[in-house]
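**Student:** Here you go, one structure.
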Amino acid sequence: EVKLVESGGGLVQPGGSLSLSCATSGFTFIDYYMSWFRQPPGKALEWLGLIRNKGNGYTMEYSASLKGRFTISRDNSQSIVYLHMNTLTAEDSATYYCARVDYGTNYDYWGQGTTLTVSSAKTTAPSVYPLAPVCGDTTGSSVTLGCLVKGYFPEPVTLTWNSGSLSSGVHTFPAVLQSDLYTLSSSVTVTSSTWPSQSITCNVAHPASSTKVDKKIEPRGPTIKPCPPCKCPAPNS
């Protein structure tokens, strides 16, 4: 099985340097070109460059937009390809991907990506808030639970439900950046017979701050239901 796994992302100060790595397995590494891409938040995928195979002398080619700041190298004994980056700016903030080149511009295998944030802002751990409906509002056949992850920096956080065992009915919304802090939310819809009789937990990890938080979704309430409308007595005839 072919695998590509990137690592090395994180928070870097403007003007700093960083090297990303892409560990590969499942194929004869020296026979293939390897390429790097990046995708800034809300923007298109951008090709950065490639390093050719043994038959082509392991030569490199780069996007002109990089202006010589990035270098690609490979360790053939370890089947790893690297991306070395210098003089980083906020515009370099992106998720970086490595890809195997099948032929020409056909990329047949990709990694999952590693995120780089270039900023002078400080690392901040998230606050995690479980969101549950008020008792009495779960009379239908399904119920939607939520999890709010607020005030963290930098990206990314990972959010799962029941440590990943609950994946059906999950909707995780894109993170929003405001005042140098991110906010992210996720919801999961389950049957009313599942919750609250069974435990449901929101699991959040923020690698940059080494934070892991598990929040069990507890029912809110009990609440006082309003009285039925009063009925006026019929007037005396």
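Cβ from N, Cα, C; glycine included.
From Swiss-Prot, here are the annotated features:
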DOMAIN    1-119  domain 'Ig-like 1'
DISULFID  CYS22-CYS98  disulfide bond
REGION    101-105  region 'D segment'
REGION    106-120  region 'JH2 segment'
DOMAIN    126-218  domain 'Ig-like 2'
DISULFID  CYS147-CYS202  disulfide bond
**Student:** Quick one: Cα separation, CYS98 (disulfide bond) versus CYS147 (disulfide bond), in Å?
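**Tutor:** Spelling it out, the Cα of CYS98 (disulfide bond) and the Cα of CYS147 (disulfide bond) are 32 Å apart.
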**Student:** If you draw a 10 Å sphere on the Cβ of CYS147 (disulfide bond), how many other Cβ atoms land inside?
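**Tutor:** Within a 10 Å radius of the Cβ of CYS147 (disulfide bond) lie 26 other Cβ atoms.
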**Student:** Does DSSP give CYS147 (disulfide bond) helix, strand or coil?
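**Tutor:** DSSP call for CYS147 (disulfide bond): strand.
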**Student:** The region 'JH2 segment' (106-120): which same-chain residues, six or more beyond its ends, come within Cβ distance under 8 Å?
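**Tutor:** Distant contacts of the region 'JH2 segment' (106-120): 2, 4-14, 16, 18, 20, 22, 35, 39, 85, 88-100, 153-156, 180.
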**Student:** For CYS22 (disulfide bond), list the number of other Cβ atoms lying within 10 Å of its Cβ atom.
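**Tutor:** That number is 27.
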**Student:** Using a 10 Å radius around each Cβ and counting other Cβ atoms from all shown chains, which of the disulfide-bonded residues CYS98, CYS202 yields the largest count?
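**Tutor:** Result of the Cβ crowding comparison: CYS98.
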**Student:** Given the model, what does the mean pLDDT over the domain 'Ig-like 1' (1-119) come out as?
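**Tutor:** Result for the domain 'Ig-like 1' (1-119): average pLDDT 96.
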**Student:** Whole-number answer please: how many Å between the C-alpha atoms of CYS202 (disulfide bond) and CYS22 (disulfide bond)?
**Tutor:** 30
**Student:** Measuring Cα to Cα, how many angstrom lie between CYS147 (disulfide bond) and CYS22 (disulfide bond)?
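**Tutor:** With distance taken Cα to Cα, CYS22 (disulfide bond) is 32 Å from CYS147 (disulfide bond).
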**Student:** Per DSSP, how many helix, strand and coil residues does the region 'JH2 segment' (106-120) have?
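**Tutor:** Taking each residue of the region 'JH2 segment' (106-120) in turn, the totals are 0 helix, 10 strand, 5 coil.
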**Student:** Report the DSSP secondary-structure composition of the region 'D segment' (101-105) as helix, strand and coil residue counts.
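**Tutor:** DSSP classes over the region 'D segment' (101-105) add up to 0 helix, 3 strand, 2 coil.
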